[in-house]
Amino acid sequence: MQARALLPATLATLATLAVSVLAREPPAAPCPARCDVSRCPSPRCPGGYVPDLCNCCLVCAASEGEPCGRPLDSPCGDSLECVRGVCRCRWTHTVCGTDGHTYADVCALQAASRRALQISGTPVRQLQKGACPSGLHQLTSPRYKFNFIADVVEKIAPAVVHIELFLRHPLFGRNVPLSSGSGFIMSEAGLIVTNAHVVSSSNTASGRQQLKVQLQNGDAYEATIQDIDKKSDIATILIHPNKKLPVLLLGHSADLRPGEFVVAIGSPFALQNTVTTGIVSTAQRDGKELGLRDSDMDYIQTDAIINYGNSGGPLVNLDGEVIGINTLKVAAGISFAIPSDRITRFLSEFQDKHVKDWKKRFIGIRMRTITPSLVEELKTANPDFPAVSSGIYVQEVVPNSPSQRGGIQDGDIIVKVNGRPLVDSSELQEAVLNESSLLLEVRRGNDDLLFSIMPEVVM
């Protein structure tokens, strides 16, 4: 009798499950033969990122407490596992973070770290298992009052990068390492300053040289050289991140005094974010004294340890300002850095040269940055104007220009260039200046369109 009573309930449950399965969305379209990353969205994911079903784009992972295990559910994020259809943390013990807070588990700490990266660029790391000791919150303790070096490192580390130069072997397709070093981020859009010898090589082997840049949070990008001066040993390289990056500011090396505390940070022997400290031994050491006969530079001498791989990394003062680029080690306790005033001059010359180049390259549009006030103004004139929060509004297309020939029209909204979201018109100008081909994602009415534009060089 009891088995007969359970049968209707079981059938009802199966029927409900069948309806649930049938009610799901139909399967997605088959994977493309070739991934077009310019079509990938740029999600902000509290639960982290995972590859999509086609292993082409990054999509949001399921966060703790979200459903999982069904065909259309996203995989669980980092340190999570699917337990009875719900994402749960693999570990249940409390942990102490570098921000001084106690977290219920590792997953809660990682979620806080992702939020912190988006806000300040500084991740939260695990200090220890268990709750934080009470001393972490006692900001008047000697540990917190006098650890000024740690304060500087915490401020500058997110903007220091590791750089590797490879040679792509033409026959075997393998990357042969040529050199490695460090650099620091100068602009939120991805401009990086380093040494010229870090990003160039005299190796005569055939093959294509490639630059790889790794950020503190583990993100890696391919980089291109923007400008290089081998005599002064300064170079700038460019990456194309999908979000704004933390930056360092240049100080005035002319104000340096012998005896000042300085901090050197870089990647000696590929050990990323290695910190050494010291003082300024001499603020102006003539390059000719170092045996550099053609030198016209006065170097900063410091006793901060600089090893192979530190080259290109920043030498900073206690305010976190860059006062030099770590360049040369002569002996233990005797190292040298290119002064920041020389870097400033190099960047100014680079900017002047590129402004001239900008006048020679154009795509032929008059544009305005999308702002809430501009959207309101355009919606007043055209109620069907799309609801957009960022991008570039095409006010006018120049006749017979690359944009007109490529299909751009008045009133279009350019939302991405080469897969990167556009927030300001200067970002499109920079792309016109630095990239030979532009893949523009355009919003026209309710349609999203792709156009390939080749900037024109005016002699």
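Each Cβ is built from the backbone N, Cα and C atoms, and glycine gets one as well.
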Of the candidates Cys40, Cys45, Cys54, Cys68, the one sharing a disulfide with Cys57 in Swiss-Prot:
Cys40
Have a look at Swiss-Prot and say which candidate in Cys56, Cys60, Cys82 forms the disulphide with Cys68.
Cys82
From the candidates Cys31, Cys35, Cys45, Cys76, select the one that Swiss-Prot records as forming a disulfide bond with Cys56.
Cys35
Quick one: which of Cys76, Cys96, Cys107 does Swiss-Prot link to Cys87 by a disulfide?
Cys76
Pick from Cys31, Cys89, Cys96: the cysteine that Swiss-Prot pairs with Cys54 in a disulfide bond.
Cys31
Based on Cβ atoms within 10 Å, give me the single least packed residue among the active-site residues His197, Asp233, Ser311.
His197
Averaged over the domain 'IGFBP N-terminal' (27-90), the pLDDT of the predicted model comes to 79
